[in-house]
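J.: Right, I'll just put the structure down here and ask away after.
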Amino acid sequence: MSDLSLSLRTSFFSKTLPLHTPSRSLFAPLLSFSRVAPCCSLATTQRAARPVPWGCEIESLESASDLQKWLSDSGLPSQKMGIQRVEVGERGLVALKNIRKGEKLLFVPPSLVITSDSDWTRPEIGDVMRRNSVPDWPLLATYLISEASLDTASRWKNYISALPRQPYSLLYWTRSELDAFLVASPIRDRAIQRITDVTGTYNDMRARIFSKHPDLFPEKIYNMETFMWSFGILFSRLVRLPSMDEKVALVPWADMLNHSSEVETFLDYDKSSLGIVFTTDRSYQPGEQVFISYGKKSNGELLLSYGFVPKEGSNPNDSVELALSLNKSDKCYKEKLEALRRYNLPESERFPLQVKGWPVEMMAYAYLVVSPPSMSQYFGEMAAAASNKNSSKTRISYPEIEEETLQFILDSCEPSISKYTKFIEGQGDDLISVNAKQANRRLLLKQLARDLCTSERRILYRAQYILRRRLRDMRSGELRALTLFNGLRKLFK
């Protein structure tokens with residue numbers, strides 16, 4: 001690609017969240033620099049990333065307590081929640097008092113929020129970044145590294161000390177771990193793409209800025225490992241604040257809240273209290289963990305950015321991508337491919353399956369795949385519907401090929417199910433661990449992958465059940481109609 005702003009492509013986040021929900025995902029392109037030849041390839045991520053010298057172990061309560069004390073001393077109001085070790089997440093915010101439904105909590109002042117407008121402890125670094133018009137994401141990533149490297153000289157020392165040193169998000173998995181544990185899941189490809197994108201962004205930053213100011217950006221501090229760490233923090237903690245001019249921000253203390261798919265509350269700036277708040281949509285008793293929503297994300301997306309997989313069946317937004325492709329031996333292959341390209345669709349496309357069903361775009365794509373030459377006049381209509389650019393905005397239907405279409409989708413589920421079953425029922429992972437810590441880590445990663453694959457296979461099983469039932473009903477209806485027709489024919493004879 002000729003422009004780095006495309007390095008994290010729209011298709012990579014094809015299901016971005018509405019702005020009123022927490023945007024713990026990428027919403028803006030990284031840079032507008034021209035792409036330079038990469039001087040560091042994906043092979044860099046084949047080895048486990050070295051932990052950065054700052055931050056804490058993911059379950060540390062001591063650093064979180066120090067953070068709360070510093071925030072209180074710096075203007076954070078008295079809280080109804082405290083940091084504790086919890087069952088859902090390593091640590092989280094727990095109610096200390098009764099909390100009512102509809103109550104506003106947190107009230108983090110803007111002075112304790114990190115945005116692209118935050119002051120740099122070393123202003124000369126911020127000046128270089130702004131002169132080069134670096135967009136928010138890489139600017140904030142560099143800001144984190146700069147402030148972390150200053151240790152006690154940075155006002156954010158207590159916040160950075162409470163950030164995880166090496167989370168379990170897929171950005172920190174090695175390529176061999178992704179290949180061994182997520183070979184069956186489509187999320188593997190997205191993880192590889194994310195690693196590639198962050199690697200490319202670091203290469204561009206180094207070529208365009210870091211290498212030209214080595215006194216400000218020494219490689220021992222601004223390197224691939226620290227860049228991966230800072231981007232991992234952004235992917236898992238950055239939120240968009242609609243009422244604060246759509247700013248993306250890191251909100252200390254608020255980012256200790258864990259996710260639950262059973263709540264729909266989110267962070268935003270409250271103009272009346274002049275603080276970052278969220279409004280509870282349920283009540284909490286003392287000792288209960290308080291949750292917010294990270295958005296309507298699938299289990300794979302939650303593992304990708306946050307490093308956890310919800311309990312099987314607990315996430316109503318869970319989905320798995322199903323790949324559908326044109327058949328190159330189809331007599332109308334060229335015509336169908338041309339129809340797809342008119343709407344910027346490839347010959348092989350992935351669609352999200354959910355327990356409750358599948359999108360109309362997938363059905364339209366499947367119609368196109370199975371449609372015979374006699375239906376060529378509808379190819380364009382089918383492709384338009386598959387791209388969600390159907391002018392009529394009505395659900396298209398072709399009863400004459402409905403049965404064949406459902407059978408095609410049913411058959412397309414089977415290869416994925418076989419891959420999941422092979423991994424879930426397989427023994428070992430053929431990865432050699434050099435020490436006990438690495439062995440324990442890989443056991444945890446394998447369990448996360450097993451949980452993800454189990455939930456995604458469950459969705460495919462459910463889709464197959466629905467498809468088989470609809471096909472059975474269709475075929476039994478056809479059989480009844482044929483029996484009735486034969487009976488009438490005998491009567492008239």
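Using the three backbone atoms N, Cα and C, a Cβ is placed for every residue, glycine included.
Note that the structure is a prediction, hence the values are computed from the model and not measured.
As listed in TrEMBL for this protein:
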- 59-295: domain 'SET' (DOMAIN)
- Arg237, Asn258, His259: S-adenosyl-L-methionine binding site (BINDING)
- Arg237, Asp255, Tyr269, Tyr294, Tyr306: substrate binding site (BINDING)
J.: Which ones in the same chain are close to His259 (S-adenosyl-L-methionine binding site), with CB under 8 Å and 6+ residues apart in sequence?
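T.: Sequence-distant Cβ neighbours: Phe291, Ile292, Ser293, Tyr294, Leu302, Tyr306.
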J.: Taking 10 A as the limit, how many CB atoms besides its own sit near the CB of Asp255 (substrate binding site)?
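T.: Excluding its own Cβ, the number within 10 Å is 22.
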J.: Sorry to bug you, but what's the C-alpha spacing from Arg237 (S-adenosyl-L-methionine binding site) to Asp255 (substrate binding site), rounded to the closest Å?
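T.: Checking the Cα atoms of Asp255 (substrate binding site) and Arg237 (S-adenosyl-L-methionine binding site) gives a distance of 6 Å.
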J.: For a quick check of packing: other C-beta atoms within 10 Å of the C-beta of Tyr269 (substrate binding site), how many?
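T.: I count 20 other Cβ atoms within 10 Å of it.
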J.: What number of additional C-beta atoms lies within 10 angstroms of the C-beta atom of Asn258 (S-adenosyl-L-methionine binding site)?
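T.: I count 20 other Cβ atoms within 10 Å of it.
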J.: Rounded to the nearest angstrom, how far is the Cα of Asn258 (S-adenosyl-L-methionine binding site) from the Cα of Tyr269 (substrate binding site)?
T.: 19
J.: So what's the average pLDDT for the domain 'SET' (59-295)?
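T.: Taking every residue of the domain 'SET' (59-295) together, the mean pLDDT is 95.
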J.: Where the record says Arg237, Asp255, Tyr269, Tyr294, Tyr306 bind substrate, what is the longest distance in Å from one Cα to another among those residues?
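T.: Site span for substrate, by Cα atoms: 23 Å.
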